[in-house]
Amino acid sequence: MKKTTRIVPAHKHIALVAHDNYKAELLRWVKENKEALQGHFLYATGTTGHLLSKETGLAIKSLLSGPMGGDQQLGALISEGKIDMMIFFWDPLNAVPHDPDVKALLRIATVWNVPVAMNRSSAKFMISSPRMTQEIEIEIPDYPAYLAERI
C-alpha cells in the first residue's frame, strides 16, 4: 500500500481505555502522569472516562462504554486521524463479550500507525518521550491512492 504522512500536533489527542480488571491500574497511572496529560486532549470509553474524570479532575471526552460501541467509536476517530496515540490497559487473561471490537480497535490503530501502550511500562515510555510535546510527522496509508486502485 502506498503511504503518505500526517502531522501529529504537539498537543496530542490521547485515547485512554481499560478493561474492568485494569481500570484501577489505569487510574493510578493517570494520577501519576496527570501533569503530563494536562496539556493534551483526552478521550476515553464511557465507564473509564467518567471514572478518570471524576477521580482526577481532568477534562476527558467520554464516548460510549466499550461493550456498547465505545471501542468502535475510538476506531472511527483513529480512522479519521483524530486520535494520535492510545493507552489501552487490556485484560489478557479474561475474555470480554466485545473481544471482536477490541481486536478491531487494535487492528485499526496498527493500520493507521497510531502508537499504542498496553501496560504501565510501555505507557511510561510513551508519556516520558521527548516526542510527547513535539509536533511529529508519521506515515499513514494513502487512502485516496488505495481507493483509486480499487475502483
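The first residue you see is number 1, and the count goes up from there.
Quick reminder: no glycine exception, Cβ is built from N, Cα and C everywhere.
Going by Swiss-Prot, these are the annotated features:
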type	residues	note
DOMAIN	6-151	domain 'MGS-like'
BINDING	His19, Lys23, Thr45, Gly46, Thr47, Thr48, Ser65, Gly66, His98	substrate binding site
ACT_SITE	Asp71	active site, proton donor/acceptor
Three-state composition of the domain 'MGS-like' (6-151), taking helix and strand from DSSP: 74 helix, 29 strand, 43 coil
Other residues, Cβ within 8 Å of His19, Lys23, Thr45, Gly46, Thr47, Thr48, Ser65, Gly66, His98 Cβ centroid (substrate site): Val17, Ala18, Asp20, Ala44, Pro67, Gly70, Asp71
Distant-in-sequence Cβ neighbours of Thr47 (substrate binding site), under 8 Å, six or more positions away: Asp20, Lys23, Ser65, Gly66
Number of other Cβ atoms within 10 Å of the Cβ of Ser65 (substrate binding site) across all protein chains: 16
Distance from His19 (substrate binding site) back to the residue listed as 'active site, proton donor/acceptor', taken between C-alpha atoms, in Å: 11
Tertiary neighbours of Thr45 (substrate binding site) (same chain, Cβ under 8 Å, six or more apart): Val17, Ser62, Leu63, Leu64, Ser65, Gly66, Gly70, Asp71, Gln73, Leu74
Packing count at His98 (substrate binding site) (other Cβ atoms within 10 Å of its Cβ): 19
The domain 'MGS-like' (6-151) [mean pLDDT, rounded to integer]: 96
Around the Cβ of the residue listed as 'active site, proton donor/acceptor', the count of other Cβ atoms that are within 10 Å: 28
